[in-house]
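Remarks on the structure that follows.
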């Protein structure tokens, strides 16, 4: 412990600062994070000793502004840190200097960690100006406990997740290098689209907004592997603009308009990554210049429809489901359940909840509306598909099984991955002969509106049913139900923010005016019944 305390004095904790390990780790202004990074280096070593596996530490604040930063820990199979350890992370980050040893000892005893067990930590970072020095603080934490680390430098979050999974499965998931990642994905993509290229459709064209982040950098490296089938035009590639500033998936989704610095011609297919490339949304403009967003719901529908059709072709009766959050558009849910006959389940907001639910099925497709998601295949499903691909004698069935097999290889099952998801979408559109407009027309989103209401204490709101209904404060849910009954095809829910004292309001209805009116009325109910502060919410129109 002597070395731990010695190194710790180089990474002092600001007095009174308290942080919470949230859905995506710690996230705040970069200047407040040096001590947190050092301590997450310590925690990663303890987690590595406990699991006898390589543990990942990713330095990133994803879609947040450039001046922020954060850290995510990655568990042995590339999944997010197990929930029980989030509490340890919070306690360790918030411990005052003199309490550090006590908190460390508690974790070691509680988890029965053998300190002579070897440990190994893999570290990655995004392109923020603060990321390199914060990454060094993580290394100091690993070094203080006399453990090994591999610094992968600049990588996307999904690439680090991929590497962790490869390393802990002895290469079964793939070659544990960034080059191995490019080769695995590009081989699968090239195999999928070559059957179309033979038909003379030629190259695919796509405009990509890289959010001035790591995704743009890595996409450039990968382009050479894509056999010139996919022609990418990169915008916001980080040469001059600020990370996530008026660009990126979150900006496009929230603002409902194209990012700055990209010229969108009618029916041009475009997509936006977020800052660490684990989210993606598509968009285009029609001939009238109207902007159309294809978010996580549209992506989940496209992918699950494609997989369901292939399963029917090969005659496999695997249990497949789509997992959404309460923010999923009602039209997407109805289309999947009524037209495609694919069961839909709702999980709490936050990808770790969706990932966990998706693991219950042979094939679990999950996407948050913000574009963060992937597809999980159980070992049983993978084995059956690969067996069919190698043994099937009927031409049509064999081809469908091989398409499924290549789709599995193209998907990054560890975590949502903008590059992987982009290639899956491009392959599906190509194989199905769909334009971006035809994809968009599969179903029409119900008009919706998201608002937030400032409250004195967000904890007064308690929810149930995957955050779709409130149980506290008394009377709020009854009020929401009465308001919803006033409008056609409508629904609304409220949930407390995970990070600030605001309550998020979501409403949808048959027209935009009705969705806006419902969202406003629900906001007023929250303001009056849940301790609103500041100005009373004003009507939107």
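Using N, Cα and C of the backbone, Cβ positions are placed for all residues, glycine too.
Per TrEMBL, these features apply:
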type     : residues                                    : note
DOMAIN   : 49-83                                       : domain 'Alpha-D-phosphohexomutase alpha/beta/alpha'
ACT_SITE : 62                                          : active site, phosphoserine intermediate
BINDING  : 62, 274, 276, 278                           : Mg(2+) binding site
DOMAIN   : 116-164                                     : domain 'Alpha-D-phosphohexomutase alpha/beta/alpha'
DOMAIN   : 179-281                                     : domain 'Phosphoacetylglucosamine mutase AMG1'
DOMAIN   : 295-433                                     : domain 'Phosphoacetylglucosamine mutase AMG1'
BINDING  : 368, 369, 370, 495, 496, 497, 498, 499, 504 : substrate binding site
DOMAIN   : 452-523                                     : domain 'Alpha-D-phosphohexomutase C-terminal'
Rounded to a whole number, how many Å is the Cα of residue 368 (substrate binding site) away from the Cα of residue 278 (Mg(2+) binding site)? 12
Same chain, not part of 62, 274, 276, 278: whose C-beta falls within 8 angstroms of the C-beta centre of the Mg(2+) site? Give them in sequence order. 60, 63, 126, 156, 157, 213, 249, 273, 275, 277, 279, 372, 418
For the domain 'Alpha-D-phosphohexomutase alpha/beta/alpha' (49-83) and the domain 'Alpha-D-phosphohexomutase C-terminal' (452-523), check the count of CB pairs under 8 Å (sequence separation 6 or more) and say whether it reaches 3 or more. no
Stretch-averaged pLDDT - the domain 'Phosphoacetylglucosamine mutase AMG1' (295-433): 95
Please report the Cα separation of residue 370 (substrate binding site) and residue 62 (active site, phosphoserine intermediate) in Å, rounded to an integer. 13
Looking at 116-164, 295-433, 452-523, which one has the highest count of Cβ pairs under 8 angstroms to the domain 'Phosphoacetylglucosamine mutase AMG1' (179-281)? 295-433
Neighbourhood of residue 274 (Mg(2+) binding site), C-beta criterion under 8 angstroms, separation at least six: 62, 63, 211, 213, 215, 244, 248, 249, 250, 280, 371, 418
Quick note, residue 496 (substrate binding site): same-chain residues at least 6 apart with CB under 8 Å of its CB -> 458, 459, 461, 463, 502, 503, 504
